[in-house]
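One structure is given below, encoded as structure tokens.
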Amino acid sequence: MPIKPVLTTLIALLSIILALYTIQLPSSRSLSSIATTIGALAKYSTFFGHKHHHHHHHHHHHHHYHHHEPIKCCEKWTSRLRHQYKTSLVLTVDLHGCGNFSNVQSAIDVVPDLSSSKTLIIVNSGSYREKVTVNENKTNLVIQGRGYQNTSIEWNDTAKSAGNTADSFSFVVFAANFTAYNISFKNNAPEPDPGEADAQAVALRIEGDQAAFYGCGFYGAQDTLLDDKGRHFFKECFIQGSIDFIFGNGRSLYQDCTINSIAKGNTSGVTGSITAQGRQSEDEQSGFSFVNCKIDGSGEILLGRAWGAYATVVFSNTYMSGIITPEGWNNWGDSTKEKTVTFGEHKCYGPGADYKERVLFGKQLTDSEASSFIDVSFIDGDEWLRHTNIVSEHTSKDIGDDLIGFY
């Protein structure tokens with residue numbers, strides 16, 4: 001470096017140091033409040049700026065928390081949120097004790113049973129390592145995280161450790177009218193090889209009716225998301241897995257979601273499948289519909305396998321990368337299912353959407369055939385969905401602005 005810029009820099013530094021000496025320093029009390037504010041802002045800026053730094057959050061600034069009485073600093077904030085969310089009760093969860101609870105299950109346990117009004121649980125950034133149950137009495141519960149890359153609930157059971165696939169969940173919902181925003185559900189069990197026994201590992205199992213997930217993440221490998229029964233809505237979610245990673249007998253609409261395969265690549269053909277839908281008879285009103293989604297990742301994967309004889313899966317206006325195998329669909333080794341399944345694609349695009357080599361029981365749907373799958377009427381959402389999207393008029397940025405008053 002030439003000498004002149006070095007001298008200029010030194011002079012500038014010296015003048016700053018001199019200036020600091022001549023300014024009267026504030027009291028230590030206001031300094032600590034400035035530090036706390038900066039701490040909160042720094043934490044918040046990582047939420048909207050560099051999302052991938054979320055794993056640092058819970059190491060910073062917790063030494064400031066003892067300056068606050070948590071209830072005192074959030075009175076105004078909770079009343080504003082209560083008004084905004086139309087909830088009767090707001091509970092907060094924070095790993096460092098700056099909320100009402102330090103784990104999610106404890107907060108869920110105090111939710112009033114069979115409540116007709118909503119309870120909001122706000123979960124601060126961090127990885128909450130616990131196996132969580134929302135039992136059927138905890139109706140009308142809303143859980144709000146700080147972004148799906150910042151707030152996660154994680155466990156690592158498998159079918160082997162839990163005794164069966166369904167009980168390997170990290171988070172299960174049995175209650176009706178459950179809503180989650182901006183939070184992740186993870187199963188951290190190792191990714192199995194295709195065909196490995198008892199390695200299924202569920203991140204989220206949903207059995208409650210009328211559930212909605214906005215901006216949530218679901219992370220696992222085999223059997224990530226057990227969409228078991230009931231009507232469900234997934235909006236702008238991130239769903240990761242390898243084998244049958246969206247499965248079950250739910251009736252669900254997936255809108256604007258990212259489906260990310262982590263299936264292993266190999267030379268012997270198929271290494272994974274997105275869906276395994278469980279509809280068993282004509283009478284069952286179940287099925288999975290994907291609209292405006294994006295499929296990407298690794299491996300050679302199927303759009304779906306016919307788990308149930310009447311399995312129903314439709315992809316509309318969805319981008320499919322080259323990881324989708326040319327045949328697209330699989331009969332689960334039973335050719336009789338080919339007559340009864342509904343496997344459809346409608347106006348999909350991308351290298352994986354080429355249907356020239358699709359199996360005959362995978363259909364390209366007309367507009368009229370697709371129409372019953374592509375909007376919220378598929379899940380009777382016009383009746384119940386508006387009650388879940390209680391912050392539709394606010395972006396997550398606005399919610400974040402409110403949260404900063406507390407954290």
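Glycine too: its Cβ is placed from the backbone N, Cα and C atoms.
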Per Swiss-Prot, THR165, ARG305 bind substrate; matching candidate in GLN200, GLN210, GLN277: GLN200
Environment of THR165, GLN200, ARG305, the listed substrate site - residues of the same chain whose CB lies within 8 A of the CB centroid: GLN222, ASP223, ILE243, ASP244, PHE247, ALA276
Residue, out of the glycosylation sites ASN156, ASN266, whose Cβ gathers the largest set of other Cβ atoms within 10 Å: ASN156
Three-state secondary structure, which DSSP defines for ARG305 (substrate binding site): strand
Integer Å distance between the CA atoms belonging to ASN150 (N-linked glycosylation site) and ASN182 (N-linked glycosylation site): 9
Max pairwise CA distance, angstrom, over record-listed substrate binders THR165, GLN200, ARG305: 17
Cα distance (Å, whole number) from ASN137 (N-linked glycosylation site) to ASP223 (active site, proton donor): 26
